[in-house]
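Pulled from TrEMBL:
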- A:24-52: transmembrane segment (TRANSMEM)
- A:73-92: transmembrane segment (TRANSMEM)
- A:98-117: transmembrane segment (TRANSMEM)
- A:129-150: transmembrane segment (TRANSMEM)
- A:185-208: transmembrane segment (TRANSMEM)
Amino acid sequence: MSDVSYRRIIADGFWYNNPGLVQLLGLCPLLAISGTVVNSLGLGLATTLTLIASNLAVSTIRNWVRPEIRIPVYVLIIASVVTAIELSMNAYFHELYLVLGIFIPLIVTNCAIIGRAEAFASKNTLPRAFVDGLTMGLGFTAVLVALGGMREALGHGTLFDQAHLMFGEAARGLTITLVEDYRGFLLAILPPGAFIGLGLLLAMKNWIDDRLERRQARRREAVTLKEAEA
Amino acid sequence: MRFKTFTSPHMSPARSVNRVMRQVLYALVPGTVAMAWFFGWGVLVNVVLAVTVALAAEALMLMARRRPVKPFVTDLSAVVAGWLFALAVPPLTPWWITLIGVGFAIVVAKHLYGGLGYNPFNPAMVGYVAVVISFPREMTLWLPPSTLAEMAFSLPQTLQAIFLGQLPAGLTWDMITGATPLDRLQTELAMDRSLSDIQASPFFGAVAGRGWEWINLFFLLGGLWLIRRRVITWHVPVAMLGSLALISGLFWLINPEVYASPLFHLFSGAAILGAFFIATDPVSGSTTPMGRLVFGAGVGILAYVIRAWGGYAEGVAFAILLMNMMAPTIDHYTQPRVFGKTPARKEG
């Protein structure tokens, strides 16, 4: 198993096996918290950290944990990691912590994390597990931020609103107001907006995949034609 | 000599989508005219605007999906959806709300699900609900019926209000707009006023809101004509209005000072329009006879529950969408018996 190439791991994490768009894991925080870009980024990075730490820990002990007890062991590892992250966020990003609220401790229940522990980290070497955790986490963050950006732009007419929650007071200027005096489109901010937005993102990904595949098929056809001619 | 022979059935169906939709449009005319009589030019402007947007969105989506444009645009289903949307929104609704609502209805609720015949939810109601929850302030700006209004809007003034958001000099939105009877009822009940007290105000007529009772009467006429023409069956309207009357009558008997009478509920808001024109949608509603009864009853009860105890004053649109969700399940459990077969009995 340890012969998975890093290139493959990275491509899987960001695209072909993206937790948000393909595995559809961790949808609860994905849908609930993606109201703004900053919230999405905060939760995404916290999830990424959790994924890296839990993947590393699970990969380290993979040869000693008996399969019968692996699930409780994973849950304990993830829970401890999330607790540590929750406490540090409370200490260093207190306001963001308040905004994200219950969804920080709920990272424990994000199926993407235990899914990676079970499907990847428990079968692969330490560096590979690290890269997998990193790319899966960043892939998840990318989907969150894309969805958050869509909903914030449509719903509030801004981007990076309240950026100071994450990057400190200096980042207040980051806020981009797309439309002055925007009246707000509540549907995008309410839960239906999250579902519709995620659906559109999924459709877009499938559409791109479809086009790529068709282009490749055409290229293959051209190659075989040329060979036949030669 | 050769005779042409046909297999049964020996009747011409000739029930194309176009024909059905055209009859629905005819049936909408009396109610729409009555509405324009009481609420002014805005109703007609909204209808024209919404239908235009609906047709444009339909054509664009058909082109994007590489479907034939002409047969689907001329089947008039988009016209009906746009028209129904226009009847649901306030008469001076800003143009961009109609654009968003009808666009959402046609693009998301109709074509993203696969177009005519594949949409699980009624497009017009999806569009209406989308703008109701997105723009709560604009969507409550109803006008008082013309018999009570301070002034009547001329056509140019109406166009100015809808497209530019400008009112004639000296007027503000607060001065000319008011709540619908259902809205008024809900707010004033929340202020602990008794029902007889509320209904004594000039905004209430003999049975329901002034003006509204006439509008609903004309929609009722259109609906009955549709049943006579066999465009729709009686099941959904009877079940929906019957259940609405039953449940509102029950609570009215318990406490007539807090719960409005069945007649008020039947002739207010979108009860009649919904019962005859929207809940009978053959695509998103139930299709078995028994299923239609269950479907209609569900809409009636849910609409009453939302009106009486919900956050919105009018619940017909939400009720129809909720029951749309149930329709496949209802159809599954109400399959009619196949002719000539006895239903399988469980062995005792």
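We number each residue from 1, going along the chain as drawn.
Note that Cβ sites are derived from N, Cα and C of the backbone, with glycine treated the same way.
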Which one, A:24-52, A:73-92, A:98-117, A:185-208, has the most C-beta pairs under 8 Å toward the transmembrane segment (A:129-150)?
A:24-52
Where else in the chain does the transmembrane segment (A:73-92) make close Cβ contacts, counting only residues six or more beyond its ends and a cut-off under 8 Å?
46, 49-50, 53-54, 57-58, 61, 65, 100, 104-105, 107-108, 113-114, 117-118, 122
Same-chain residue ranges lying at least 6 outside the transmembrane segment (A:24-52) that approach it to Cβ under 8 Å:
78, 81-82, 85, 89, 93, 96, 99-100, 103-104, 106-107, 109-113, 115-116, 130, 133-134, 136-138, 140-145, 147-149, 151-152, 155-156, 159-163, 165-166, 189, 191, 194-195, 197-198
